[in-house]
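All remarks here apply to the structure that follows.
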Amino acid sequence: MAASVSRAICVQKPGSKCTRDREATSFARRSVAAPRPPHAKAAGVIRSDSGAGRGQHCSPLRAVVDAAPIQTTKKRVFHFGKGKSEGNKTMKELLGGKGANLAEMASIGLSVPPGFTVSTEACQQYQDAGCALPAGLWAEIVDGLQWVEEYMGATLGDPQRPLLLSVRSGAAVSMPGMMDTVLNLGLNDEVAAGLAAKSGERFAYDSFRRFLDMFGNVVMDIPRSLFEEKLEHMKESKGLKNDTDLTASDLKELVGQYKEVYLSAKGEPFPSDPKKQLELAVLAVFNSWESPRAKKYRSINQITGLRGTAVNVQCMVFGNMGNTSGTGVLFTRNPNTGEKKLYGEFLVNAQGEDVVAGIRTPEDLDAMKNLMPQAYDELVENCNILESHYKEMQDIEFTVQENRLWMLQCRTGKRTGKSAVKIAVDMVNEGLVEPRSAIKMVEPGHLDQLLHPQFENPSAYKDQVIATGLPASPGAAVGQVVFTAEDAEAWHSQGKAAILVRAETSPEDVGGMHAAVGILTERGGMTSHAAVVARWWGKCCVSGCSGIRVNDAEKLVTIGSHVLREGEWLSLNGSTGEVILGKQPLSPPALSGDLGTFMAWVDDVRKLKVLANADTPDDALTARNNGAQGIGLCRTEHMFFASDERIKAVRQMIMAPTLELRQQALDRLLTYQRSDFEGIFRAMDGLPVTIRLLDHPSYEFLPEGNIEDIVSELCAETGANQEDALARIEKLSEVNPMLGFRGCRLGISYPELTEMQARAIFEAAIAMTNQGVQVFPEIMVPLVGTPQELGHQVTLIRQVAEKVFANVGKTIGYKVGTMIEIPRAALVADEIAEQAEFFSFGTNDLTQMTFGYSRDDVGKFIPVHLAQGILQHDPFEVLDQRGVGELVKFATERGRKARPNLKVGICGEHGGEPSSVAFFAKAGLDFVSCSPFRVPIARLAAAQVLV
């Protein structure tokens, strides 16, 4: 934050005519070309090893093209200074975000240190020219420099009237990984001596040694450690701890040592010509655009179509020129609470580095109010101007030099979820923005924070972090360690908070997962069973924590040097993946009345409906409370794991050697299923409920363990003999179960299974209708690949409906549709739509089958693919729009051609991921369905695509 406070500063001659209201004599480009810099005669190229460390695409830092300046028809250098600018906030594509905002602040009359921005188009021309400055550009840069010199009454390289500069990159989109800032450019021995005569030796030579460090590292790629070694050795030899304790004499000596480091590393002396320094810095910024880290950042974030980076050259101002100077950072509103009050820090007689290094503790802004009342009043006025102008909370950096305020930067301020919602609502109430604009001010991640518990003070536990895994499900959890699902349920029944620690979870663990306050797994990715189920329930989860070793037998987990046994306290941060020792204090979800107001605006705008994935009445109620417009996916197989009695009935059905015995088990399951459906219909009174028929492979209902234990348990539960049980297990075993005997294939082979589930749905719907509940059941057939498969199941379902309706003498409306999760189904969607009244894309399996990735095994290679830029996102987290997305669009278009009123949506994990939701909205889908806890996030994403 404060590191950049010192970036934009200027040294002015005491008593100079550089007053607040000073304006340039001319903003127009001069028709006479600026003189060529003296070093331009030095031919050719600076050695390519100057950029080797950053792996720059344009490795040589070339000298200025030795040619007469050529007039260009397109402007490439834009000036800015108080009251007048050649750019504005709308020119981010050309000036970069930083340059556009500097120009905007200057144009509305704020005191901005003057400077100029070299456009992104110039960077593009530089790249196109094979990393050589385009003809005429250097003359334009020198022209811009002369404008700044006239504005400030100071000259680059003049010891009597020294002008120092900062040089910074700035693309249209904020891009960490670009070139760092170069400060104090323009210093050499003569200028440092002149500066020392005016402002003191210590200040001058501290600035010089900082410049040598930054220029050497940032521009010439000399390892910073080489400079730091000299600094540390100097402090040790003097018995000092802090940089500020060094004397002027010490700093002078360091300057000499830093020059020796430069000479040794580059084989040539440090360039003393200030214009040569400026040239090399500009080239370094241009080259940084093609650095590996910048290209990787653009690839990962899908940033395309940009011309390059702009170069911002700005005069320096200093906050460390005595007790009438200082530096600070502030937010125009509290970024934690949203309160309309300035929130920030200020340091007297300091530069930003002092804050970053922790050398001094910053003071509240009230300190500035007391010490520099005139500058403070101007700062408050500027904050009000900027908020009204940008219509957003601003993050502002400023410096006061000898009682004069300089605005260094403004940008939209980062904030917490609670603050984001309050600021959006307050600004509408203040008449500053309209509701549609306010919707854009809150990020989906902000709502995620509001819907989960958080730690009171994350910085307080940093020394207690003992491992870090994947942040699989956000929020915070504090509980006592348990190692089995049964123990988690038992502890929960006793009113204890349990953290379930497993090597990995399975469907049989769902009871314990639901009972636990948090889940920690040794293995598994962001789409593992633990992660997916945790997100459905809004449970905090840290998965794939390779730094832990779980020992179920002894009920202990080893985390580094720590061994935790059952009952010991552990805390999890599901938003960061941190595993924290002990019992850390929690604060409840920060829900407020502002959130309801904000979400009402969201719902007024969006067209895409948002439903929820819910398997129990409690889930359904949570979904409804979070604004779900129905249930888009109710997984019937999850109901079977709800109790020992249910799982035994399922196993009896699986093991039954005859239809008669299988039907007996199904009759028991009918009672359970009917009761569950009644509860869900009741909770969703008046809203549609989509129930998916059994999808799990049969083997997932079998006990875990070695074959002898499985056989023994099955025999005890079902009455089968060991030989029959073993034969049945062998028959159920599959080489690739996720592509095997599951979904509609179960219902086709065992039609009585589909009949039981359909009967439970219709009987529950009739019972609830008789109680005055409005019921809209929709039955979804899973894993369909051909229209014949769907036709088989639809016929069975409609036959059951007719029988149930005839028995009770009453009918209800219902729909039968299918999941589109097999690529073939998407390709023949028109044929399938003849049988289906709705499509719901199961994007989890559709992604799995389209990529040929096993979801259970992607953790072995996806991280490598992401690290190498082969994939930009994990396709199980963020929809693959080019591949899977095209299948979604194709199937939707084909399906609606065959059935124009076809309802289409999705019910995979992507239904709660903001960029995926935006894609589905643009693709014309009718709904998305997601975890109950992500419903507000999907609602917001669906609205933001329209504003």
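Heads up, the Cβ atoms here are built off N, Cα and C, so glycines get one too.
Per Swiss-Prot, the features are as follows:
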- C907: active site, proton donor (ACT_SITE)
- R635, R692, E821, G842, T843, N844, D845: substrate binding site (BINDING)
- E821, D845: Mg(2+) binding site (BINDING)
- A63: N-acetylalanine (MOD_RES)
- 21-54: region 'Disordered' (REGION)
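Just so you know, the Cβ of T843 (substrate binding site) picks up 30 other Cβ atoms within 10 Å once every protein chain is counted. Summary: among the binding-site residues (R635, E821), the fewest other C-beta atoms within 10 A of the C-beta are counted at R635. Taking the Cα atom of each, N844 (substrate binding site) and C907 (active site, proton donor) are about 9 angstrom apart. Straight-line distance linking the Cα atoms of the residue listed as 'active site, proton donor' and E821 (substrate binding site), rounded to a whole number, equals 10 Å. Summary of the substrate site environment: with the site residues R635, R692, E821, G842, T843, N844, D845 set aside, the chain residues having Cβ atoms within 8 Å of the Cβ mean position are L633, D695, P782, M819, F841, L846, C907, G908.
N844 (substrate binding site) is surrounded by 18 other CB atoms, counting those within 10 A of its CB over all protein chains shown. Within 10 Å of the Cβ of D845 (substrate binding site) there are 22 other Cβ atoms, across all protein chains. Secondary structure from DSSP puts E821 (substrate binding site) in coil. Within 10 Å of the C-beta atom of G842 (substrate binding site) sit 26 other C-beta atoms, taking all shown protein chains into account. Of all Cβ atoms in the protein chains displayed, 28 besides its own lie within 10 Å of the Cβ of the residue listed as 'active site, proton donor'. Listed in sequence order, the residues of the same chain lying 6 or more apart from R692 (substrate binding site) and placing their CB within less than 8 Å of its CB are L633, C634, R635, T636, M780, P782, M819.
A strand conformation is recorded for R692 (substrate binding site) in the three-state DSSP classification.
Under DSSP, R635 (substrate binding site) is assigned to a strand (E or B) in the three-state scheme. In this structure, G842 (substrate binding site) belongs to neither helix nor strand by DSSP; it is coil.
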